[in-house]
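Participant: The structure is given below, and queries will be raised subsequently.
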Amino acid sequence: MSIDVETAARVAKLARIKVAEDALPALAEEFNTILGFIEQLGEVDVDGVEPMVSVTPMRLPRRQDGVTDGGMQDKILANAPDAREGFFAVPKVVE
Amino acid sequence: MMPDLTKLKISEARDALRKGDLTSVALTEACLSAIEGAGALNAFVHKTPDLALEQAKAADARIKAGESPDLCGIPLGIKDLFCTKGVPSQAASRILQGFKPEYESTVTSQLFDAGAVMLGKLNMDEFAMGSSNETSAYGNAVNPWRRSDDDTALTPGGSSGGSASAVAADLCLGATGTDTGGSIRQPAAFVGITGIKPTYGRCSRWGIVAFASSLDQAGPMTKDVRDAAIMLQGMCGFDPKDSTSADLAVPDFEAMLTGDIRGKKIGIPREYRMDGMPQEIEALWAEGTKMLKDAGAEIVDISLPHTKYALPAYYVIAPAEASSNLARYDGVRYGHRAQLGQGDGITEMYEKTRAEGFGPEVQRRVMIGTYVLSAGFYDAYYNRARKVRTLIKRDFETVFADGIDAILTPATPSAAFGLGEMSHADPVQMYLNDVFTVTVNLAGLPGVCVPAGLDKQGLPLGLQLIGRPWEEGDLLNTAYALEQAAGFVAKPAKWW
C-alpha cells in the first residue's frame, strides 16, 4: 500500500497536526518507509489467533462507582494556558 | 574519610549512612557539585538542589533516629517522564513547557517515602520516543564514554539517555528510567551500567507521562546488579490507581542475590543471531554463554520463531497507543498553546499547538498511529499486530514451559554511535536499535542488561537476560552471576 500526498494530508488532519503543504510529499515518503517495514506482518499466519488485549492474564479490578476525590478546581486549572473565572478558556466554538 | 563520594554504589552508601560514617547531606552536596561540573553531558535538565538538601537533612534525621529504609538518604536522578509535584515535568517536549504537576507519581512518591533524595530531572527522548536522546526538546544528552581514538560526541542511547549518562558519569547514585521498547536496557548497555525493566504491572504507571500504555514500565538504572535489586524494590508494588498494577507481594530482591545459578537452564535463542551482526557482539554473546555455563548453568538452544516480527508489530501497536494517549495535548488544560491568528477557531488552535509543540519524531508516530487505527486499516494493521503480539508471547511461554529459567541475548546490535550519525538514515534504521529488547515489552516480561565487555574502540557492550514473569528476583540473581563472571569495572575517563 502506498500513501499519496492526499492521504498524508488526511492523516495529519485526523491527528490535528498542522502540516504545511510543501512538507506533505516528504511526510508521505516517510509513512511509506515505515508502512513498508510494517507490511512484513502480512507474512505471519494469524488464523485463529486472538488479538492480545492484556499482556498479563489478570482481571481488571472493579470498585464502587462513587466519588472518591474532587474539590480541587484551583489545582486542575493551575497549568492551563488560559483559565478564567474557574473555567478553561478556548476560542469560540459556537457561533 | 571517603575520597570520592559520588563514586559510591547505593549499597555502599546505605551501609556507610547507617554506620554514621557518612551523611546524606555530604553525599547530596557531592552529587550536586558533580552535576554543576557536568553541563557538557546535558543529563540533568531541571536541577532541584534546594529540594535535594531539604530531603537529605530529613533523611539524616531519620537515619539518626534508627529508622532507615534502604534508599534513605540516597541521591537519585529522576527521568523527566515522571510527574514530580511542583517540579517541571515535561517529557522533554515543548508541548509540556512550563507544566508543573500538582501531584506526585506513585513511583517517585514511594522513593521519597523511603527517604530517597531527588537531585533533579533527567534528559530523555521526547515522550520517550527515540533511541539516541536526539529527539529531546532540551537538546542531546551526551555519553560520558568516548572512542579511544577520537573525541566524537556519542549518544548515551534512548529514550532514558539522561539517566544513563548521569549514572555512568557518577552524577547520582542511581536513576529512574522507563522502557517501552528498550528505553532502559539500550541506554544502560551504551554507557556500561545495569538497567532492569520489570514485568509489566510491577511498577505503577500512575503519574508517568504515558507513551504506549500496554508496553510502558518503569525501572531502575544503577551502577551494579545489587543496586538494581535495591532500587527496584523501592519502586515496585501494588497501586490501586493503576488498573494494570499487579496485586502481588514484592519479594526481597537483594536477599535473592546468592550468585548460585547451578542447574538453571539458560536459553540461547537462535533467531537473535541477526544477519550483519558485528563480530564483537557475537563474540561477547558466546563469552557470556560460557560464563553462565562455567557458573553451573545448563545452556539450551531455543527457538523464538516470531522474533523477526516483533519490531514491525511494535511499530503498529506503540504508535497506535501513542496517538490515543497524546490526544490529550490540545493546548487547553496544560502546557503550550500556539499564538492564534485572526479568525482562528478551536480546530486551528489544536492543529497549530500540536504542530509547534511536538517534535518531528513524535508527530510522525502520532500520525502513523492515527493511520493504523483509521477506518479501513484497523483490521489490516492494528488487529493483525495484536495477533502477532499474541504469537510472540506464546513463543516465550513455550520455552518457559519447557523449563527455561532465563534467556541470554545481546543487548544492542552495536556499541554507542555518534550523535548525528543517524540523522540521514530513514526512521526504520533507528528503530533497529531495539531489535533485541522490544520482544520483552511485547511479551510483558522482565529483562535486565548487564555490562559485559568493551569493544575494540573501548566502548561498553551489554548482554541482556530475559526472565519469567514476576521472577525478577531469580533474573537478578542470574544477572548477578553474569556480572561477577564478567568483572566489568571500566569507567569513562573524565573529559567533561
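Don't overthink the numbers, they just go from 1 along the chain as shown.
Yeah, the Cβs are placed from backbone N, Cα and C, and that goes for glycine too.
Pulled these features from TrEMBL for this protein:
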- B:27-476: domain 'Amidase' (DOMAIN)
- B:K79: active site, charge relay system (ACT_SITE)
- B:S159: active site, charge relay system (ACT_SITE)
- B:S183: active site, acyl-ester intermediate (ACT_SITE)
Participant: DSSP secondary structure for B:K79 (active site, charge relay system), reduced to helix/strand/coil, please.
Facilitator: strand
Participant: Suppose you look only at the domain 'Amidase' (B:27-476); what would the mean pLDDT be?
Facilitator: 97
Participant: How many Å lie between the Cα of B:K79 (active site, charge relay system) and the Cα of the residue listed as 'active site, acyl-ester intermediate'?
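Facilitator: For B:K79 (active site, charge relay system) versus the residue listed as 'active site, acyl-ester intermediate', the Cα atoms are 11 Å apart.
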Participant: Between the Cα atoms of B:S159 (active site, charge relay system) and the residue listed as 'active site, acyl-ester intermediate', find the distance and write it as a whole number of Å.
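Facilitator: That comes out at 5 Å between the alpha carbons.
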Participant: What number of additional C-beta atoms lies within 10 angstroms of the C-beta atom of B:S183 (active site, acyl-ester intermediate)?
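Facilitator: Its Cβ shell of radius 10 Å holds 37 other Cβ atoms.
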Participant: Within 10 Å of the Cβ of B:K79 (active site, charge relay system), how many other Cβ atoms can be counted across all chains shown?
Facilitator: 31
